[in-house]
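Engineer: Found this in TrEMBL, in case it helps:
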TRANSMEM  B:12-37  transmembrane segment
TRANSMEM  B:49-66  transmembrane segment
TRANSMEM  B:72-92  transmembrane segment
TRANSMEM  B:104-129  transmembrane segment
TRANSMEM  B:149-168  transmembrane segment
TRANSMEM  B:196-220  transmembrane segment
TRANSMEM  B:232-258  transmembrane segment
TRANSMEM  B:270-289  transmembrane segment
Amino acid sequence: MTFIKKTLASSIAIAATAAMAATAQAEISDGEVRIGYLADMSGTYRDLAGPGGLEALRMAVEDFGGNVNGAAIEVFSADDRNSADVGASTVREWIDTRNVDMVAGLVASSVTIAVTRVLEENNGFAIVSASAASSITNEHCTPNHIHWVYDTYPLANGTAKAIVDQGGDTWFMLTADYAFGHALEGDVTRVVEEAGGEVVGGVRHPFPTDDFSSYILQAQGSGAKIIGLANAGADTVNAISTAAQFGVVEAGQQLAGLLVFLNDVYAMGLDTTQGLLLTTGWYWNMDDEAREWSERYYERMGRMPTMVQAGIYSSTMHYLQAVEATNSDDPATVRAYMMEQPIDDFFARNGRLREDGRMVHDMYLAEVKSPADSTHEWDLYEILATIPAEEAYRPLSESQCKLVQN
Amino acid sequence: MTMIFGVPFAVFMGQLMLGLINGAFYALLSLGLAVIFGLLKIVNFAHGAMYMLGAFATLLGMRYLGINYWAALLLAPLVVGLFGMVIERLLLRRIGHLDHLYGLLLTFGLALIFEGTLVNFFGVSGARYPTPEALQGGFQLGFMFLPVYRAWVLLAALVVCLGTWFIIERTRLGAYLRAGTENPALMQSFGVNVPLLITLTYGFGVALAAFAGVLAAPLYPVSPTMGSNLLIVVFAVVVIGGMGSILGAVLTGLGMGLIEGLTKVYYPEAANTVIFLVMILVLLIRPAGLFGKEA
Amino acid sequence: MATTQTLTPTMERQRRANMRRNLLYIVLIAIGLVAPFFAYPVFLMKVLCFALFACAFNLLLGYAGLLSFGHAAFLATGGYVTGYLLASYPALTPEMGIIVGTLAALALGTVFGALAIRRQGIYFAMVTLALAQLVFFFYVQAPFTGGEDGLHGVPRGELFGVISLRSNLAMYYFVFVIFLIGFAIVQRTVHSPYGQVLKAIRENEPRAVSLGYNTDAYKLLAFILSAGLAGLAGSTKTVVFQLASLTDAHWHMSGEVILMTLLGGVGTLFGPVVGAGLVVSLQHLLAQGALGAWVGPILGVIFVVCVLSFRSGIVGEILKSYRKNFK
């Protein structure tokens, strides 16, 4: 009884707000679409998004024609220096003084969570492309942001499951000692145990760590078949190089990098990384469409794009299309439209935007090529398998997001 | 299997070995800092940046000039050392008469400049430098697999530390240096060119950092920020050993490597922090450090 | 009043100087009051918080001659304690949260001070650095800080339970008042007899000891005061931005406050305010401009130039030339 009343009341309320939004906001505020790009431009995460992501964003705006229904598109950017308060205050200022319509980029999870809180309070909008934490569309979800490229859930789901299926059923976890590492470790442990494997030990190392030799030695002593790396960026790079020096692979153990970006593999070289299994949201050389876009990007940046940089282009395009179709830059209107449209482009396959703000799309299990198989300096991955969109991400039935009714 | 404090004996021995190797690194870096502090009384905050420059010189030398590892072992410290001398001549000299804290601040600024500039050209992911062919592979020690390169790092670092100690304690140049540390004015009046001595000392201290950078190149990704986190650890080592004490820097470096190694087994989360705890304890008990002389 | 007759020329000069100073204060306060109508209030609040932080630091370096390399610990402690309390107990008013945060920093300052002031010069700097690293480790590990993710969702709340601070303007005036209180404490301390003794210790500690002063007690008090004010700055900042993060606890923050103080002028009352204003503006402009990636090197160059040729800082140099030309 009460349930019916509640649903009835809420659906009326929703209809009313939608109608109001449609009438009041059916125009682009102050005749411009303003996109602010916020990312780490000078620190640890510079290479995976950074200036390259900004360039990808600019490409999207150019390809779109520079305006939406006659409203010019303006792009500005800021360096968040991986600091939550710098990020939050920058976005607050963009809202207060520059009337920003959409915030793009967003790398470090701490910055993203802080920024999305500010946006929720001020009814702004963001597309998160580079953050890893799956909590961004789970306990930290808001109606004012969506999460595009990847998160920790499919990373564990893809890599860990594939490895256990291949017989790698005992794991030793090297975990970065902060929330992201703990979350990834938790996800991996769950996936490994569900697949019939076992996590026999682990060590939580400080973030960041330069010297991994001690931890690698502990991993060797554990006798586990697989050493899982629940860390990111420089930590992963260091761990993998150190493992190579200590002959981990020769001694019969295998590494599983859970969050590895193209720029990491490029930096380490194929000698060190060959045979590494990883999950990625996209790879520049995976098919003709991807290649074609990547080559245009390469001409501008002199590097091949990471999945994050490609995702920034893809998400910006979809955002602009939604603004064009609805002739509005109101967050709720644009988001509602984006949720209706299937997402299929050079980046996302079988993509769709869920109500928790998660854009689910096909993910890929890849293996790093050996130097002999690689034909040129950016020929780094071999795609082994596709993880279907609906299996890759955390199911809505397990969601703690307040926008999802369970 | 024999267990030591809940850890298999083999793992325990391996950890000690690795701690010793890291300690050799710390020793090399803190030795340079201590030499500089001894004569210039400057806490060289640019030391981490110099270590990084050493590694970069090695990497770029190979990439663009075809200089191999063994040549880099000599050339990189030389180039960075000369660069250090230029800095001393142009910048540090001008504040030599002031409170030493200004030296710390100036070098801090220099470190920001070097690191920030290189980030803009090379990014932060870091590049890998191949292990020289003669040093590839490893020894099976029974309790652990020891890569040849790590053994070489330990050996090279210890030889250079001993050599430095020998120069400073047993040669005429070293005698000047020690005397200059005690009383520069008196040395000047004896006709020793103290300003030149200072320039050479700074160059030498910085060259030691660059040498450590060359040794590090095949171990860690060469990136502009590789020195900044190491820096404050090395500071702590020098302070614990007693600022300006050569022997103190070397022994403390090795000792702290061991302590850190054990922390990585028993309480890994605190591996980056344990050294500061030791520093506080030491300074409270022995204000001038373990090997320093009370002022 | 007939007292004017008894004024000696020195006292007369002193009276004029005081008048000029009071006039300057009035003008500056007036500027502070109208500023939010000309500049973005949140930016101004950030400047004020860092200005207070730099003033606190300057009290120690400029007037007691102690270079702390660990002041980030107090900024962060104030921020985390206030943030945690306000986020977990919605009934708590912001000023209560700020008071408790400040007291926590004060308490931490007492412990740090007691350990550190026994050492001098470089050793003092290193002990404070080491202690701040331990604090950093604690905040990384402690569950209530959210570790790397930071502590989010701190409500601005209602001042005294009555005035909503949600609007940036209301928040600004609250921060401005806090800043004035903090600045007044520093100003009174420096000009009090206690401040005079502190300066004597800075210039020549053995002499101060021989004059019978318990220099350790004086230095400790300065340290505690400085820590408390730094905590006040951190607490206020948390309420403004509604979050607390590890950035504030990192040793780079300790370095930044040195830069601010040095740039503005060590040992001058207004130096840290000017320095903080400049550094924050610079970071702000650079971060959003084409030179975004060059913030680090540019700050480095400023550091070097300051040390080489502007050692008295901007305010210090102005005061110097003022004294030369007008007295």
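Using the three backbone atoms N, Cα and C, a Cβ is placed for every residue, glycine included.
Give me the structural setting of these features: burial, nearby parts and distances.
Structural biologist: Same-chain neighbours of the transmembrane segment (B:12-37): 4-5, 43-44, 47, 50-51, 141, 143-144, 146, 150, 153-154, 157-158, 160-161, 164, 168, 201-202, 204-209, 211-212, 215-216, 230, 233-235, 237-238, 241, 243-246, 248-262, 264-265, counting only residues six or more beyond its ends whose CB sits under 8 Å from a CB of the stretch.
Among residues of the same chain six or more beyond the transmembrane segment (B:72-92), those with a C-beta under 8 A of the stretch's C-beta atoms are 40, 42, 46, 50, 53-55, 57-58, 61-62, 103, 106-107, 110, 156, 198-200, 202-211, 213-214, 217.
A Cβ distance under 8 Å defines the sequence-distant neighbours of the transmembrane segment (B:196-220), meaning residues of its chain 6+ beyond its ends; these are 25, 28-29, 31-33, 35-36, 38-40, 44, 47-48, 50-59, 69, 72-73, 76-85, 87-89, 92-93, 96, 126, 129-132, 135, 149-150, 153, 156-157, 160, 164, 176-177, 180, 187, 226-227.
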Engineer: Sort out for me which stretch, of B:49-66, B:149-168, B:232-258, B:270-289, has the most Cβ pairs below 8 angstroms to the transmembrane segment (B:104-129).
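Structural biologist: By Cβ pairs under 8 Å, B:49-66 leads among B:49-66, B:149-168, B:232-258, B:270-289.
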Engineer: What residues in the same chain, six or more past the boundaries of the transmembrane segment (B:232-258), come closer than 8 Å to it by Cβ-Cβ distance?
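Structural biologist: Tertiary neighbours of the transmembrane segment (B:232-258) are 16, 19-31, 33-35, 37-38, 43, 47-48, 161, 164-165, 168-169, 181, 272, 275-276, 278-279, 282-283, 288-293.
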